[in-house]
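Data first, discussion second: the structure below is written as structure tokens.
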Ligand SMILES: Nc1ncnc2c1ncn2[C@@H]1O[C@H](COP(=O)(O)OP(=O)(O)OP(=O)(O)O)[C@@H](O)[C@H]1O
């Protein structure tokens, strides 16, 4: 029940639809329960008592009741459904919002396919409960309660005989519930895994194909598919096992009723019409009890789904803004790290150890070092993608924790090694950070990023639609669109993370030229493996295992006989070797 309580903020505001649905359900149920009484009157008074004069009244009575039942079923179903749909619409909005603000840490381990299945299948599972589960419980109580009262009014002993079988039925239903809930949770989980597999495969289809791993992928999918199949089969097995058992007990109960009831009719203790009415009423008790499996099913699914939705909704977000955070200030771009140490969650080895440096507004800082040495980690602390465990990251003398996140992040531009382009127009991709920007500014940004010419050569120019992940453009072209996007937000701090590593030398040269233009007047962090990309930096930080092992300008570092000079020599020798092999 806790799960439903925790999610109440999403459905309680719409309780009026639920109440309306419940009221009309009572009307529908009441009318259904009147049928057996009418049947009893028809048999005992019209057929046996030969009072044919009341036939027209009975016919009109039946018709009126059926018409009222039709209208009330419509209202009950519509409002019940509406209650579930509107609550789920709210939950989906909240989940999506939550996903937007969850920290990077969450996404390091989260699986896209699993999140997708929570947002679709689990939301649907919970909706089923809201739309049908609640009302089915009410219907159950009404049917069983009223039927028993009517039955007692006909014959106490027959009612007692009939309900003798009920405890057996309740025990079976209870056992069924105990098994079906974990089985449902397992089905949902397995579906999440299956989704993840498909999503990863499609995202990584280039790698799959280039390494010819189609068969391997098919085998892996097969494993997940088998698991999903088996869990569904297990679930079906529980259903298949318990339903005949419930039906058997129900039928045994009816046989008992007909035997004892028949004996009572023969001995004139009850009328034949009363036995027929009894028979219908027993159906109204037994079938809801058997149907309890279906209700429990909806309930279990709703609970399992609700738990999975809560896992996202209750995920803590440690990157919070202070109440009186600095907002709407323009950053000058003075960046300082004071003894910063970073540990990624779940990793006891520090990714950054005691990092200290200062970057004046408009200066260029180069970060170089082996892969995994911590270059990207440094830049991720500036916009608070992650939080340092000790030390301080300051911008314009203020700790990044004291800034409003929006103020901070909208003034830090990133161009990554592989930029993500949305499946929309080039124009929308460039303007993504500032949708209100004018077309003139978009074109200007594209020109400065050296992207305008190739965009104009595309059939629809700036209105060209890009496929998922910007397919249809070369690596260099995508990169230039990403640079234009970064220019568009006019950032005070710019991070170029290995932005040219994926392109050829000629494109790299063109991009670097474009970037020099963009870097002007902004504090820029260049992460690069090639010395040529950062040799003009105002300060170069050389990293090893999360520590700064050397720092200075290019000329200084070249005479230091340290790691920088070693990297230079390797790269320089490489160039010499390439030149020699080309010449001779
Ligand atoms: N999100 C993360 N979760 C856990 N560990 C991480 C995460 N990101 C990086 N690391 C670890 O932190 C260390 C530094 O990584 P970082 O990406 O900063 O290195 P880098 O110098 O930028 O490497 P590269 O040149 O390969 O991009 C590595 O050991 C890496 O495995």
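From the backbone N, Cα and C atoms, a Cβ is placed for every residue, glycine too.
Taken from TrEMBL as is:
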- 19-301: domain 'ABC transmembrane type-1' (DOMAIN)
- 335-570: domain 'ABC transporter' (DOMAIN)
- 17-39: transmembrane segment (TRANSMEM)
- 51-68: transmembrane segment (TRANSMEM)
- 140-173: transmembrane segment (TRANSMEM)
- 248-266: transmembrane segment (TRANSMEM)
- 278-299: transmembrane segment (TRANSMEM)
Contact between the transmembrane segment (17-39) and the transmembrane segment (248-266) (3 or more Cβ pairs under 8 Å, separation 6+):
no
So which of 51-68, 248-266, 278-299 has the most C-beta pairs under 8 Å when paired with the transmembrane segment (140-173)?
278-299
Return the average pLDDT for the domain 'ABC transporter' (335-570) as a whole number.
85
